[in-house]
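Novice: Quick one: the structure is below, questions incoming.
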Amino acid sequence: MNSSGHILIVDDDAGVCLAARLALVSHFTQIETFNAPDGLDEVIVSRDIDAILLDMNFRPGANSGQDGLDWLDRLHRLDPSLSIVMMTAFGGVTLAVETLKRGAVDFVLKPWQNEKLIATLSAAVALTHAKREAETLRLRGAESAIRPGMMIGNAPSLSPVLRHVRRIAPTDAIVSIVGENGTGKETMAREIHRLSSRSHLPFVAVDLGTVPEAFVESELFGHRRGAFGGADADRAGRYQAAHGGTLYLDDIGSLPLHLQKRLLHVIEHQEVLPIGATKPVKVNVRLIVSSQRPLNERVEAEMFRSDLSMRLDTVRICVPPLRDRREDIPALLEHFLSLYARKHNLPRRRASGDVLKWIESYDWPGNIRELRHATERATLLLGDERLHLEDFPFLFTSRTPASEGGSYNLDEIERVAIGRAMSDFDGNITLAATALGLTRPALYRRLEKHGF
Ligand SMILES: Nc1ncnc2c1ncn2[C@@H]1O[C@H](COP(=O)(O)OP(=O)(O)OP(=O)(O)O)[C@@H](O)[C@H]1O
């Protein structure tokens, strides 16, 4: 029997490592041995390991098993799907039970019987594979809910945008998407790709705002081996990687001036010249770019070439901020609540009318991304299944400061005091009401009156 599997054996006794390797080598695809667990965390995050056979004691004379338990905890936290089988010459039943409670999948006593060792590790590898497959399916299920085609939104301010998207998607036109942070520009770009004839070919996204300036050229257009120090192999750029499909350049306004002419050339000739290459490579790519502000503002500031701006900005799609499409907030909230409940295996929380009203009236400066993160946080903080104002303390922080300047208007003073109390007590109604000298219903009435 040969179980495909990559096994690590960790024991300070080189003889034990050798004996285990000999017993296992013809049954698994790869065996590695280590005389100490130091550095194991790096190994398991950087390589595809299927099971670990881990000793309990690593220091001379130690026999308490504490080292093994500590490493078991550490590795298990790092990758809960990875099966760890413990081995010891000293452990009795108590220690065995303790390791199983802490996440080990099984326990082997030294000296072992080879058949038993092989069977235990085969089962451990199979378990790792099953857990990873289940995890992949679960995440795939969870993510698919936010994949293109499942875009949430039918607010009146979004409908003309979506109509426009559907009209231009099947063409090869370059599209420029403009919108604030987190409004869904990349989601929109993916939707355009999905609705185009290129949908079965790659969609490649590059956030130009995060690529250091010195690397942008190589990132986009690639390089040949030896083109510069550190270029030890040919590398295709993202433009080539998107061949046949769509290239999405986020934050196009930050493309360095000296590369703007090159991009224009690539668009016009549909060919890229990797750094250090002598012959250009033909590419067939549909380009979608995005920016937070219209590109002509960068042109006016002399940070962007007007010829490139005109080429990129012929079809412009403006994604409205969430505060201008509040009608979509309940659906988005519901969507993220069920997404994160599934992703984290937690009960799905429900938003009652009052909480929903406040969430809807908040301005969401970070737009859909902020709503998404706030919903994930609220799911993880799970107090009970109903959402409470305390789960969204920032709803009040942003409303507080308007009139710090010393207004004499009693109504205004009341509004500021309530905002501050809600913020100081993280949205906890009972504590805020007590601090303000009000009953809970009275505080609710005033929150409503002041439009919190
Ligand atoms: N219509 C939508 N329905 C569901 N989820 C959405 C929708 N639009 C955006 N999202 C989610 O909101 C988050 C932000 O979206 P996205 O990354 O597309 O925004 P962006 O405008 O490109 O952000 P940035 O300005 O940072 O580049 C993502 O997690 C995305 O899945």
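Cβ atoms are placed via backbone N, Cα and C, with glycine included.
Pulled from TrEMBL, these are the listed features:
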DOMAIN    6-125  domain 'Response regulatory'
DOMAIN    151-380  domain 'Sigma-54 factor interaction'
MOD_RES   ASP55  4-aspartylphosphate
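I'd like to know what surrounds each of these features in this structure.
Specialist: With helix defined as DSSP H, G or I and strand as E or B, the domain 'Response regulatory' (6-125) counts 52 helix, 27 strand, 41 coil.
As a whole-number mean, the pLDDT of the domain 'Sigma-54 factor interaction' (151-380) in this prediction is 91.
In sequence order, VAL10, ASP11, ASP12, ASP13, VAL16, GLY68, MET86, MET87, THR88 are the residues near ASP55 (4-aspartylphosphate), counting only same-chain partners six or more apart with C-beta under 8 A.
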